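Worksheet for the structure shown next.
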């Protein structure tokens, strides 16, 4: 399988560059580090072996990426300016294997926050390699250099869209959880939203918001429009209601009834019981629900670009329209990294809550 694909320009299919064409030291070092990770993970104790294996696997991935960056720069330097060197299927397969092995090492160690540290280390390496020019020969870096401001703006829009949807969904989920007499109906409604395709829901909300604006034109003065972030916020928030509603319901019922009775016998008010007993014991479930909602929101925000909401989805769909795979990756990779960061950080918080407040 090709580690690089070299083409005359960004639109033409590339010619494969296989491992045999690279410097022996780079491929050999990647193989040696990978083998070392497998060996130490197999023969050393769980924690020590896992930590060393994690370091070896991440180092192998870093060496592979830097080696490909150097080889890409060498190849395109002797070609016309429009030439591009893209990461090939062999790189993506090798990266998937190395990162999967690294993830297995993290699971083996079971260290609190180790996954977050690994993601931060990998992200820091990417930023350092990028800023240091080690990846400038890759087509992905060329696309970024041409759209630097647009990418930064899209990341900010994406975070605002995802965060705004979460901020809108949380109070709605709380209110739905407090509607005790209609929990069956609420469950039916929030579950029913999940079976509606996201694109269909976005289109329906565009029509709905447009109808509301025609009926109440004064709302336009508040910045509301049928296209843009508002329908996207409503659609994403609707999808987030199910995990948040379930998480809140589970958290409120997590406390042992005997603990509630004991708190009441001590003279605590309902507000004090909620703050001192129910919420601490239900904190892991609340954080878990927020984790699911955050990852889901970051993914769904990609589709907001279809109705003019901006975000990283705009770059992804621009790449699709231009048949430019590296432009698609330029939008997709930050989404993946943001989702992994949200998953890792909130998982660490959830584990910390479970360790601190055990029911």
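In case you wondered, yes, glycine gets a Cβ from its N, Cα and C as well.
Just so you know, TrEMBL annotations never went through curation; they're auto-generated.
Copied over from TrEMBL, here are the features:
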type	residues	note
DOMAIN	155-346	domain 'ABC transmembrane type-1'
TRANSMEM	25-44	transmembrane segment
TRANSMEM	51-70	transmembrane segment
TRANSMEM	90-107	transmembrane segment
TRANSMEM	114-133	transmembrane segment
TRANSMEM	159-179	transmembrane segment
TRANSMEM	186-210	transmembrane segment
TRANSMEM	222-242	transmembrane segment
TRANSMEM	286-307	transmembrane segment
TRANSMEM	327-349	transmembrane segment
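Counted over residue pairs 6 or more apart, the CB atoms of the transmembrane segment (114-133) and the transmembrane segment (286-307) come under 8 Å in fewer than three pairs, which marks the two as apart. Contact check: the transmembrane segment (159-179) against the transmembrane segment (25-44) gives fewer than three Cβ pairs closer than 8 Å, residues 6 or more apart, which falls short of the contact criterion. Here the transmembrane segment (186-210) has Cβ contacts under 8 Å with residues 176, 179, 224-227, 230-232, 234-235, 238-239, 241-242, 245, 300, 303-304, 306-307 of the same chain, all six or more residues outside its ends. Within its own chain, the transmembrane segment (222-242) has Cβ neighbours under 8 Å at 160-162, 164-166, 168-169, 172-173, 176, 190-191, 193-194, 198, 201-202, 205-210, 213, 293, 296-297, 300-301, 303-304, 307-310, counting only residues six or more beyond its boundaries. Beyond the ends of the transmembrane segment (90-107), by six or more residues, the same chain brings 1-4, 18-19, 30, 34, 37-38, 41, 50-51, 53-54, 57-58, 60-61, 64-65, 68, 114-115, 118 to within a C-beta distance below 8 angstroms of the stretch.
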